[in-house]
Amino acid sequence: MGIGIIIASHGKFAEGIHQSGSMIFGEQEKVQVVTFMPNEGPDDLYGHFNNAIQQFDADDEILVLADLWSGSPFNQASRVAGENPDRKMAIITGLNLPMLIQAYTERLMDAGAGIEQVAANIIKESKDGIKALPEDLNPVEETAATEKVVNALQGAIPAGTVIGDGKLKINLARVDTRLLHGQVATAWTPASKADRIIVASDEVAQDDLRKQLIKQAAPGGVKANVVPISKLIEASKDPRFGNTHALILFQTPQDALRAVEGGVEINELNVGSMAHSTGKTMVNNVLSMDKEDVATFEKLRDLSVTFDVRKVPNDSKKNLFELIQKANIK
């Protein structure tokens, strides 16, 4: 029994840091690299992880060093771990070179060490490896941790109670095949100033594992919920959500249309990512559609919904129907 290491990242960062680790520590056995490229979807990444694990011995424990908490590599590694409860796996995010070197060191120094001990040592070393020069730029460590006290209402709020103005605030509504992942957690959530993420999907609401992964992928200070479309429609009309500022995530434009037709007030829909599949045409490098998708967007347009085609907030807005026309979807 040993420890197999998977280095995982958005783009080719994992390949580069693997090469850097080899320059410093020499070539290592039982190391696999998983990269998530712009033209790939979650299922591609899921397959990459499963292929990587198959390269290790059946009794090897698995250590995943991923780039970003709540990013797609983390999410798919969590999915694989959840589907293999008998296989010891640990996932550490914040990938840097000190982390990788320490992982190699831990394996070399104590071949019998369990993955729990190895992970604890790696986390400490990867944090200690972040330093600044001049030294006075380094933050002073607090002697006692600052604890936030959150006052929450105990028990259910009675139906009919009006909070604030009684209207759910939809700060951002987005179509994204990947739902809650790194770009949404680290870019769109703060940009939208949302205090709650609502994933509205009948499919995901019935999948306990995916619900768990989405909840743990939420950024600090923001709650994530997974609900069927009907529950989103109910919540949009419930005065108890008057102080909620929500980021709504739809897996498909069809789900967004159902919500709007059910009375959810969405004035603008951010179209961020639609994964490619058989029968669909690439509209740009992250959007893939078929005639049904186009018809759905046309219905949304007829319901006075406008569209913001951007993968991340810093992108310039694109015109959805100009992209569709150029793609010549048949």
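From the backbone N, Cα and C atoms, a Cβ is placed for every residue, glycine too.
Given the structure is predicted, the values throughout are model-derived calculations rather than measurements.
The Cβ of H10 (active site, tele-phosphohistidine intermediate) has T35, F36, D67, L68, G71, S72, P73, G182 as same-chain neighbours under 8 Å, each 6 or more residues away in sequence. Positions annotated as active site, tele-phosphohistidine intermediate by Swiss-Prot: H10.
In sequence order, S70, G71, S72, N75, A217 constitute the residues six or more apart from H181 (active site, pros-phosphohistidine intermediate) in its chain with CB-CB distances below 8 Å. DSSP classifies H181 (active site, pros-phosphohistidine intermediate) as coil under the three-state reduction. Per Swiss-Prot, active site, pros-phosphohistidine intermediate is recorded for H181.
On the 0 to 100 pLDDT scale, the model's mean across the domain 'PTS EIIA type-4' (2-130) is 91. Sequence annotations record features per position, and here Swiss-Prot assigns domain 'PTS EIIA type-4' to 2-130.
Under the heading domain 'PTS EIIB type-4', Swiss-Prot lists 166-330.
Taken residue by residue with DSSP, H10 (active site, tele-phosphohistidine intermediate) is part of a strand. Per Swiss-Prot, phosphohistidine is recorded for H10 (among others).
Annotation comment: Swiss-Prot describes H181 (among others) as phosphohistidine, evidence class similarity to another entry.
Look at Swiss-Prot and you will find 143-161 tagged as region 'Hinge'.
Residues annotated as site 'Involved in the phosphoryl transfer between H-10 and H-175' in Swiss-Prot, with similarity to another entry given as evidence: I91. Around the Cβ of I91 (site 'Involved in the phosphoryl transfer between H-10 and H-175'), the same chain contributes V64, A66, F74, A77, S78, A81, each under 8 angstroms and 6 or more positions distant in sequence.
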